[in-house]
Structures are given as C-alpha cells and as structure tokens.
Amino acid sequence: MDRFLVKGAQGGLLRKQEEQEPTGEEPAVLGGDKESTRKRPRREAPGNGGHSAGPSWRHIRAEGLDCSYTVLFGKAEADEIFQELEKEVEYFTGALARVQVFGKWHSVPRKQATYGDAGLTYTFSGLTLSPKPWIPVLERIRDHVSGVTGQTFNFVLINRYKDGCDHIGEHRDDERELAPGSPIASVSFGACRDFVFRHKDSRGKSPSRRVAVVRLPLAHGSLLMMNHPTNTHWYHSLPVRKKVLAPRVNLTFRKILLTKK
C-alpha cells in the first residue's frame, strides 16, 4: 500500500524537492485560483447523493481533479479527538516503521498505523498484513464522515507528523485493494499543513506539459474528500515545512475490497 515510499526515502533529496515549486508553474491555492478552485458553500455531501443537513463545502476542480473540503469538527471537539488519538493509536514499530530502497533500509519520516474491518488485508511496503480492529475514537470519526458524505469506509491509514520536518513524498493512492472509483476521506487534526497536488504530466525536470500545482492548507478538524478520478491524474504530497513545530495526525478513510480466498 505504500509503494510511494520508495521515491521518498533517499537521503535529503525529497525534502529539497518538496520545498521548491517547479519552474514556470504558479500554484493554485484553495480559494485563490478561479479555474482550479471554486468556493461553493452548499448543504450537500460530496460524492454519491446529497445530505439534507451538514457542513458547507468548498469544491476544488481542475483537469481530472475533483475534491471537496470542509471543516468538519469545531475547535473544542477537534482538540478532544486529537488528544484521544494521541493516547489511543498504536503506531508501527521495528521493521514496519522502515522501508527498503535499493537494498538499504530507511526510517519512514512519520509514524503510521492502520485499523479496519476484520478479514481485510492490504499491501504495505511489500508486506501483506491485516489492520488492527477499530477503536472507539476512530469509529467516532469514521461514522461522522459517513454521516455527512453518504459514503462507507472499512479501513483507515493514519499518519502522524511530529513536526514540519516529517513529511510524505508525491504519490497516488492507487493500490489494487481499493474499491474502484471509491473516494478517499482525509481528516486532519493538529498543526495546519500544506497539501500539494501535482498533475502526472507536470512532474520531473522535463515535464511533458505545464499544469498549475494545487496547494491546500488542511486545517485542524478538516475533511478533504478526494473523489474519482483524482488519484488517476494527480499525485499528492505533504511537503516539509520547517517552521511548523507542532504535531499533526491525518487519517485517510478508504473502502478496501475483501480479498477472495
């Protein structure tokens, strides 16, 4: 499930690249670029069908990119949930907290954990594993997300960033275990961090074309819905931000297919 880690674990190269914008591209910031982002507060859920009552959504659109953003939890509730996550989530240790790149082992620049329904399996750094059973705080978040979106989720990947030096490199959530066409719900608690989308055709030193980067600051208690076909056309990352000193916990809720035996 974390095949993307291979690209992000080579010394300090990733950090240097993530702190720079590609030459000739102007980043589109949420609410700033009229063509790449559109602020449309609505009382409806993103995805399949509407919801009679719920938060106001900002819809982010670009070529092949379809996302919806809202602040799902007020500060007091978000603070409470964040403290529960800090106490209750059990993160990977040992070999599961490292990744092998070209025969060498590297520490993952963040903490990770997975929880989900019984019977599920997933691929993580070349290993096929089963998630831990749901705990109350995760069920609380999952059920609230489902209530406002109309979507169901059976798995969550949790990433904890101790400060702005922890990061994740450019990747796409395109693992074979994901239900085709299903959205991914990204919920954030703690420090606000920039979330960066880059089109697959505009990556590298010699991109085939120029497509504006889309950057979204993900606030404490926020929800970002990444709808199909976003992960087909766009890579995303959480770049290094050295001025950020506080921790952040991000949960990406997914719908995983049950492996046939």
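Note that Cβ sites are derived from N, Cα and C of the backbone, with glycine treated the same way.
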Write down the one residue from His59, His106, His236 that Swiss-Prot lists together with His171, Asp173 as binding Fe cation.
His236
Spacing of the two Cα atoms, Lys104 (substrate binding site) and Arg254 (2-oxoglutarate binding site), in whole angstrom, works out to 30
Looking only at the domain 'Fe2OG dioxygenase' (152-257), what are its DSSP counts of helix, strand and coil residues?
7 helix, 50 strand, 49 coil
Have a look at the binding-site residues Gly103, Tyr161, Arg248, Thr252 and say which one has the shortest Cα distance to Asp173 (Fe cation binding site).
Thr252
